[in-house]
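Taken from TrEMBL, the feature domain 'Cytochrome b/b6 N-terminal region profile' covers C:8-223. Marked as transmembrane segment by TrEMBL: C:40-67, C:93-114, C:126-146, C:191-215, C:257-275, C:318-335, C:347-364. TrEMBL lists C:238-370 with the feature domain 'Cytochrome b/b6 C-terminal region profile'. The domain 'Cytochrome c' annotation in TrEMBL covers C:393-473. What TrEMBL lists as region 'Disordered' is C:479-500.
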Ligand code: FES
């Protein structure tokens, strides 16, 4: 009798007893970074934030350089004209203001720090050019074009061939970056970011790595990166002079 | 009339039923019918009747909230609700500002979120400019026209107006194929 | 004490006549062979009834906590799941016993059909049985609505939209069904009334008639090949058989009890181990990410509707169910005489096999639902790593555009993603650049499954996407249309060697 009463009274701990923690949350109430990241970012940036078609987010150099507000703004507003969409509901996306904040904040703390040593050491982070360019307008004067082409030859041509038409080795063999469709779909800022951080997941060296570059290669400075971006931008516009760059 | 009363009780009414009894039957029938009618009509009214209300207008926001040729999803509490509807009466519509027409009037496109196929909620994908339905794969273009899949028509249009610098729509009922939201305009 | 109770019982019985009427019913004779192993075929009907009993008990229990009001129903479900002692178990049991009831009804019906028990004089018993099946399905549908979550909301929406397709009367029917202009409080209350009063009332009435008919017509003897049912002679033969019969209240009943007890045990264990179904997300129709699915007894209908061409869809929604019901009603009138043994009725056996195979396939399709786009595949399903490695910047950008333009919602890569359109993992080997551009720009001709993307993509986006798609082909294979040694468009994927 007593056992029965006890049974009725409290003990309903069977495997089928639902756990409040497993309750399905409405999409707009999800606040867990990992879930939000998996649902919204992995499609392009890869399952673990790398090895996706879009630049890796699981990149200590990138995460160290990008200012918090910029990261937040890019997630909120997207990069118009490129495949980075706006995620904030008020910009036509699906995430609440809160959720955008959670993703932006979570990115910086999500991947454990020991990966930093693996991929790039602290000095590289410390010496890196700023994420945002200080130059307001990137314009190449005719003289500067030659200078930029020389720079391109030293820093990029080993893999992408002197005129950017693609080479045989390294990240994306035949990796043409003078393709106007490609350039049309990537912003100047994204170009700058990739030149600085490289793509460690696909073997592209960062701004300082010596891989495949001349013996006397020195880490690229912010101004040099501006020049390279300006050169690429001129290819995007299809400037006659730039089209023959390096030929 | 002068015939003697029959000795047997069974023979009380020779030559047919007495008019009294026939009348009583008729009366019972009639009263029964009346009672049934009295009972049924209000019941039918209760079950099948419609509550008539004047059109209700719901504000969607200032005109400036809607950038040109962009689609925004607006969620609002449908005034056709009952007080104890809870979150169920929340309704979403997709609003697109299409600029001014030749006469200088603002042009809006307000689309109901219910798929024209079987009513599932379509989602707006700004990247590809398409609405997609999760149920049977209906797809619509940004102007609400059917793009592919089983829907027999485009998305339902809501009735809208601009009043004092604000966009308003007529509170939408649940739209179905033969009961669209623009019926009042078309007829 | 015992003496007193006996006296009381006698006193009541003398006035109510319980033993005089019920006892003969319980002792009614059944054919002798039911007492043998063949008797195991006769246990499914009573098992359905046992489940019905559980449904009534758990249903009454649930109704003491559940609030049938749109603004509180969801909360009361959460309360049942997490607060009320054993509340989760009652919900769980109510679901699985209901499912068990549907299963048992189907088995019972199949057995009756295969063994020809519906033939003379039991036609009416069958017809009432069909009504019982209809009621049970009605209970399942209305019950799903009472689980007032997103699925319930959209299930109701789909049901209303189907009803709305009825010519002329459609809008009125929808309004009556929903109890108002929108899906809301009145809709829930209506379905509560249906689930708790109207359909159970009908169900119990039909059940009473069904049982009465079973008693009146007797339980059919297990069929023997060559034993022909002929309405002229059947009654006399059956009467003879019953003279040699055994009372129902005896070993025949023992089998029923044994099987019912087994079925109940199984269902209780399932309920305790698997736990209650839902509720899923709250019933807020503006929540993103809704992905409504019907309950399992209706998955086949979901499959059928999704696979049928739009032109006959309305027919399938509105006329087909009536036809199915009508066909079931007519079964005993098409053949109420002749052989009963399944071995002599190959057409009947074949029919059963065909019907169950069809239902099975449609249900499988309904579970898979390949016609439904995966709404968050574009942002949540990563591009497979080996389709990323070794790609040119343009191809990579194309892959990003492929995701960005939501192509992935309908097209899988390496099996992951939507399955409405073909998997594109090796598309570069089968479509040429021109074919790809045409397909993407125009979609499926005539408004088929693929929307036209021509206006939705910039030239650069098209260029990049096509470059990516051309690069999708098995190692070493040339792009479609390319000739060996001719200059190759795009590049052959090669495993990337990390230079570090
Ligand atoms: S409900 Fe949208 S496609 Fe069927």
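Quick reminder: no glycine exception, Cβ is built from N, Cα and C everywhere.
The domain 'Cytochrome b/b6 C-terminal region profile' (C:238-370) scores a mean pLDDT of 90 in the predicted structure.
Through the fold, the transmembrane segment (C:257-275) approaches residues 40, 43-44, 46-47, 50-51, 54, 88-89, 92-93, 95-97, 100, 104 of its own chain, all at least 6 residues removed from its boundaries and within a Cβ separation under 8 Å.
Counting Cβ pairs closer than 8 Å and at least 6 residues apart in sequence, the transmembrane segment (C:126-146) and the transmembrane segment (C:318-335) reach three or more and so form a contact.
Residues 110, 113-114, 116, 296, 299-301, 303-304, 307 of the same chain lie 6+ residues outside the transmembrane segment (C:347-364) yet bring a C-beta within less than 8 angstroms of a C-beta in it.
With a threshold of 8 Å between CB atoms, the same-chain residues lying at least 6 positions outside the transmembrane segment (C:93-114) that come near it are 41, 44-45, 47-48, 51-52, 54-55, 58-59, 62, 126, 129, 132-133, 136-137, 139-140, 143, 263-264, 266-268, 270-271, 274, 276-277, 296-297, 331, 342, 345, 348-349, 352.
With a cut-off of 8 Å between Cβ atoms, the residues of this chain six or more beyond the transmembrane segment (C:191-215) that come close are 25, 28, 49, 52, 56, 59, 63, 68, 122, 124-125, 128-129, 131-132, 135-136, 138-139, 142-143, 145-146, 156. Residues in the domain 'Cytochrome c' (C:393-473) partition by DSSP class (helix H, G, I; strand E, B; coil) as 43 helix, 2 strand, 36 coil.
DSSP labels the residues of the domain 'Cytochrome b/b6 C-terminal region profile' (C:238-370) in these numbers: 95 helix, 3 strand, 35 coil.
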